[in-house]
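Peer 1: Here Swiss-Prot flags ASP25, GLY154, GLY215, GLY236, SER237 as D-ribose 5-phosphate binding site, drawing on sequence analysis. Taken from Swiss-Prot, the feature active site, schiff-base intermediate with D-ribose 5-phosphate applies to LYS82. Annotated D-glyceraldehyde 3-phosphate binding site per Swiss-Prot: ARG166, in sequence order, evidence recorded as sequence analysis.
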Amino acid sequence: MSKIVGSDRVKRGMAEMQKGGVIMDVVNAEQAKIAEEAGAVAVMALERVPSDIRAAGGVARSANPKIVEEVMNAVSIPVMAKARIGHITEARVLEAMGVDYIDESEVLTPADEEYHLRKDQFTVPFVCGCRNLGEAARRIGEGAAMLRTKGEPGTGNIVEAVRHMRKVNSEVSRLVVMNDDEIMTYAKELGAPYEVLKQIKDHGRLPVVNFAAGGVATPQDAALMMELGADGVFVGSGIFKSEDPEKFAKAIVQATTHYQDYELIGKLASELGTAMKGLDINQISLEERMQERGW
């Protein structure tokens, strides 16, 4: 009997339901409950937040299934979990556990340096990172139902997420005015599937939601990414590495929803403690940048 896989329409529809919301990284049931109470639309269960993964070095793998299960039992909102790029078995284990989404993530150490997962062969929907339209189209071609900027995880520095969001949007704007012959050439230039680029042209935008991720540390950061066209926001280290996680979580949710209410955002920010300590992207070598993982 052939394996039943979810259709693109169903998977993308599930991701569309998270639009306009905040998805928070959590490492235990207690943090998951804080995220849910703050208004998160989903949580990402993992063993360590990106800043701790960066600090520890070594090989970062998918979370212990026990942690994922504890988070799933603690909240009623969707639960995501990360698998290494190309690690079929990590992803299959998470699918068997019943997680709502899998993030094929560059935050973890890649398991395969040539191939990403064939996400269209899974029932569970996948989210993947991208820095440009080529990466976005390749991931969609493999079956990703949701995208996010890669940014530079664990830095508390929004600059790379801004760069990636602007890059994708500008390349989509360039694509939508092309004719079919030009799209064929552009597909070759980007190393992207022609059919996916044609789909993007016909939609006038990416056919899946594209969230901001990688460096969101303050309510202002979250609002900025929404202003730039993000469909929602992932927050990794920014909440639970802050002085007051509960307040930061609620403030980031509010700022994401009301991203053009600058008076409210200012009020929210003024009532918070210290944000997580940030890293200057220029002090991180190319070899140490998580965004460079994947192809």
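Just so you know, glycine gets a Cβ as well, placed from its N, Cα and C.
What you see is a predicted model, and the numbers here were worked out from it, not measured in a lab.
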Peer 1: With every protein chain in view, what's the tally of Cβ atoms within 10 Å of the Cβ of GLY236 (D-ribose 5-phosphate binding site), excluding that atom itself?
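Peer 2: 28, counting other Cβ atoms within 10 Å of GLY236 (D-ribose 5-phosphate binding site).
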Peer 1: For the D-ribose 5-phosphate site given as ASP25, GLY154, GLY215, GLY236, SER237, which other residues of the same chain have their Cβ within 8 Å of the site's Cβ centre?
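Peer 2: Surrounding the site, in chain order, are VAL49, PRO50, SER51, PRO153, THR155, GLY156, GLY214, VAL216, VAL235, GLY238, LYS241.
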Peer 1: Neighbour count first, Cβ atoms within 10 Å, every protein chain included; then name which of LYS82, ARG166 tops the list of recorded positions.
Peer 2: LYS82
Peer 1: Could you tell me the C-alpha distance between GLY236 (D-ribose 5-phosphate binding site) and LYS82 (active site, schiff-base intermediate with D-ribose 5-phosphate) in angstrom, no decimals?
Peer 2: 12
Peer 1: Would you mind reading off the Cα separation of GLY154 (D-ribose 5-phosphate binding site) from ARG166 (D-glyceraldehyde 3-phosphate binding site), to the nearest angstrom?
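Peer 2: Cα to Cα, GLY154 (D-ribose 5-phosphate binding site) and ARG166 (D-glyceraldehyde 3-phosphate binding site) are separated by 20 Å.
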Peer 1: Would you identify which of the binding-site residues GLY154, GLY215, SER237 has the most other C-beta atoms lying within 10 angstroms of its C-beta?
Peer 2: GLY215
Peer 1: GLY215 (D-ribose 5-phosphate binding site) to ARG166 (D-glyceraldehyde 3-phosphate binding site): how many Å between their Cα atoms?
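Peer 2: On Cα coordinates alone, these residues lie 15 Å apart.
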